[in-house]
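Visitor: What TrEMBL shows for this protein is this:
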- 6-210: domain 'Phosphoribosyltransferase' (DOMAIN)
- Arg78, Arg103, Asp130, Pro131, Met132, Leu133, Ala134, Thr135, Gly136, Gly137, Thr138, Asp203: 5-phospho-alpha-D-ribose 1-diphosphate binding site (BINDING)
- Ile197, Gly202, Asp203, Ala204: uracil binding site (BINDING)
Amino acid sequence: MRLLAVDHPLIAHKLSALRDKHTNSPTFRRLTDELVTLLAYEATRDARVDEIELETPVGPAHGVKLSSPKPIVVPILRAGLGMLDGMTRLLPTAEVGFLGMIRDEQTLQATTYADRVPDDLTGRQCYVLDPMLATGGTLAAAVRYLIERGADHITAVCLLAAPEGLRRVENETGHLDVPFTVVTAAVDERLNDKGYIVPGLGDAGDRLYGLAD
Ligand SMILES: O=P(O)(O)OC[C@H]1O[C@H](OP(=O)(O)OP(=O)(O)O)[C@H](O)[C@@H]1O
Ligand SMILES: O=c1cc[nH]c(=O)[nH]1
Ligand SMILES: [Mg+2]
């Protein structure tokens, strides 16, 4: 597993505003969208392209276009949905599949309650979107699942990751022979006894879509 914690002043600035408990849902959604677009630029560095020949108004030129089959973007519901527009803004032709996963608040075990991912992902580059990599149970399960379906290149885009979760994802996916990168805006200090990232930003799903303030 490759880890890319993107060090950029705009990302740090927007992430600080996102963490602030006084940031309301509309602003939280906008900041998430902006952050994802910045992270997506790094996350798509190894997007596959084919060389093409084209004509500019001045003459012939060499160029590139995204290879087929096109990449697939998989937001993990619910919170990952807040990252979808920011990602597809950079990859407008990508296919989108959906995984609904929820972490039990007591056991911290992740279960899948919805699956609208194509059956056959053979040869596909996959971008998994989930703002929080906490214990890592959700992401490890999602990555294993996509590899079982044939994905041969996976990049997870997260807003925050905990060191404990990164270790778990590495332990549970490292032996699988598929290139896998985690791109995140920051690696935080640790998890607390409820499995929340510290200092984190709280419950991403609730802050995006839940409790009004
Ligand atoms: O790394 P883990 O310990 O598995 O935790 C991370 C998961 O927890 C959150 O989802 P949640 O279960 O709260 O669902 P939601 O997005 O519907 O709020 C978050 O969006 C991740 O999917
Ligand atoms: O800190 C955390 C951990 C899991 N899920 C969240 O939304 N936040
Ligand atoms: Mg949640």
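Using N, Cα and C of the backbone, Cβ positions are placed for all residues, glycine too.
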Visitor: With an 8 Å cut-off on Cβ-Cβ distance and a minimum sequence separation of at least 6, pull the same-chain contacts of Ala134 (5-phospho-alpha-D-ribose 1-diphosphate binding site), or say none.
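Guide: Within the chain, Ala134 (5-phospho-alpha-D-ribose 1-diphosphate binding site) has Cβ neighbours under 8 Å at Arg103, Ala162, Gly165, Leu191, Gly195, Tyr196, Ile197.
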Visitor: So which of Asp130, Met132, Asp203, listed as binding-site residues, have a Cβ under 6 Å from an atom of ligand 3?
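Guide: Correct list: Asp203.
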Visitor: In the three-state scheme derived from DSSP, which category covers Thr138 (5-phospho-alpha-D-ribose 1-diphosphate binding site)?
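Guide: SS state of Thr138 (5-phospho-alpha-D-ribose 1-diphosphate binding site) = helix.
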Visitor: From the Cα of Met132 (5-phospho-alpha-D-ribose 1-diphosphate binding site) across to the Cα of Ala204 (uracil binding site), what is the distance in angstrom?
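Guide: Rounded to the nearest whole number, the Cα-Cα distance is 7 Å.
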Visitor: Identify which of the following binding-site residues, namely Met132, Ile197, Gly202, Ala204, place a Cβ less than 6 Å away from any atom of ligand 1, and list them by sequence position.
Guide: Met132, Ala204
Visitor: What binding-site residues in Asp130, Ala134, Asp203 place CB under 6 Å from ligand 2?
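Guide: If the test is a Cβ under 6 Å from any atom of ligand 2, the answer is Ala134, Asp203.
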Visitor: Average the per-residue pLDDT over the domain 'Phosphoribosyltransferase' (6-210) and send me the rounded value.
Guide: 97
Visitor: Record lists Arg78, Arg103, Asp130, Pro131, Met132, Leu133, Ala134, Thr135, Gly136, Gly137, Thr138, Asp203 as binding 5-phospho-alpha-D-ribose 1-diphosphate; longest Cα-Cα distance in Å?
Guide: 17
Visitor: Count, for each of the binding-site residues Arg78, Thr138, the other C-beta atoms lying within 10 angstroms of its own C-beta, and report the residue with the smallest count.
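Guide: Counting other Cβ atoms within 10 Å of each of the binding-site residues Arg78, Thr138 gives the minimum at Arg78.
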Visitor: Would you mind reading off the Cα separation of Met132 (5-phospho-alpha-D-ribose 1-diphosphate binding site) from Asp203 (uracil binding site), to the nearest angstrom?
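Guide: Cα-Cα, rounded: 9 Å.
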Visitor: Restricting to the same chain and to sequence separations of six or more, state which residues have a Cβ under 8 Å from that of Gly136 (5-phospho-alpha-D-ribose 1-diphosphate binding site).
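Guide: Residues satisfying the criterion: Ala162, Glu164, Gly165, Leu166, Arg167, Arg168, Val169, Glu172.
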Visitor: 10 Å Cβ neighbour count around Asp203 (uracil binding site)?
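Guide: Within a 10 Å radius of the Cβ of Asp203 (uracil binding site) lie 14 other Cβ atoms.
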Visitor: I'm trying to understand the geometry here, so how far is the Cα atom of Asp203 (uracil binding site) from the Cα atom of Thr138 (5-phospho-alpha-D-ribose 1-diphosphate binding site), in Å to the nearest whole number?
Guide: 15
